[in-house]
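Taken from Swiss-Prot as is:
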ACT_SITE  His64  active site
BINDING   Trp38, Gly40, Gly42, Asp65  Ca(2+) binding site
DISULFID  Cys39-Cys61  disulfide bond
DISULFID  Cys60-Cys99  disulfide bond
DISULFID  Cys67-Cys92  disulfide bond
DISULFID  Cys90-Cys127  disulfide bond
Amino acid sequence: MHTPKHAIRRMSKGEMEFFEGRCQRMGEAERTVWGTKWCGSGNEATSGIDLGYFKNLDSCCRTHDHCDNIPAGETKYGLTNEGIYTMMNCKCESVFKQCLKDVTGVFEGPAAAAVRKIYFDLYGNGCYSVQCPAGGRSARTGGCPNGVATYTGETGYGAWLLNKANG
């Protein structure tokens, strides 16, 4: 295919970075729930305190996004995430579910209920629990540097089908 010369324009590195960033942000915005900046597979927030129109719902998603997790294909706590989605700590999932249940409002309440239904019932990737071996806690911090994780298994139909198809 031949591109006419009048359709080609050189651009500076700064212009190119601007357009690349804009395209990236547009792609991320399309993957977030309307009225939020944190709910979805990406985020469009400009900072950690930037929330969308549904502030309470968005706050739940922001907290969840920063929670303990194992990205797809990575290993942590001796557990390898062989799925195609990020696996979350079960404590985080429990807090997220309750946070979504606590969101009220004429529009925001039903939006939070929809996010909860899609995330836990359809997506439902499962989660992992971390146990600390006897005597494994740090006396100084109380942390468990050698924790061992166990996976709960998928809880939603969508994750089960996708992981089976790709595994």
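Glycine too: its Cβ is placed from the backbone N, Cα and C atoms.
Cys99 (disulfide bond) carries a helical DSSP state (H, G or I). If you take the C-beta of Trp38 (Ca(2+) binding site) and look for same-chain residues 6 or more apart in sequence within under 8 angstroms, you find Thr32, Ala45, Leu51, Gly52, Asp58, Ser59, Cys61, Arg62, Asp65. Neighbours of Cys39 (disulfide bond) among the recorded positions Cys60, His64, Cys92, defined as a Cα within 10 Å of its Cα, are Cys60, His64. With a cut-off of 8 Å between CB atoms and residues at least 6 apart in sequence, the same chain places Ser59, Cys60, Thr63, His64 near Cys99 (disulfide bond), listed in sequence order.
Around the Cβ of Cys90 (disulfide bond), the same chain contributes Cys127, Tyr128, Ser129, Thr152, each under 8 angstroms and 6 or more positions distant in sequence. In this structure the alpha carbons, written CA, of Gly42 (Ca(2+) binding site) and Cys67 (disulfide bond) are 15 Å apart. Across the structure, Cys92 (disulfide bond) and Gly40 (Ca(2+) binding site) place their CA atoms 16 angstrom apart. On a Cα basis, Gly40 (Ca(2+) binding site) lies 15 Å away from Cys67 (disulfide bond). Looking at Cys39, Cys61, Cys92, the disulfide-bonded residues in this record, the fewest other C-beta atoms within 10 angstroms of the C-beta turn up around Cys92. According to DSSP, Cys60 (disulfide bond) sits within a helical segment. In sequence order, Arg31, Thr32, Val33, Cys61 are the residues of the chain that are 6 or more apart from Gly40 (Ca(2+) binding site) and have a CB within less than 8 Å of its CB. Here the disulfide-bonded residues are Cys67, Cys127, and the one with the most other Cβ atoms within 10 Å of its Cβ is Cys127.
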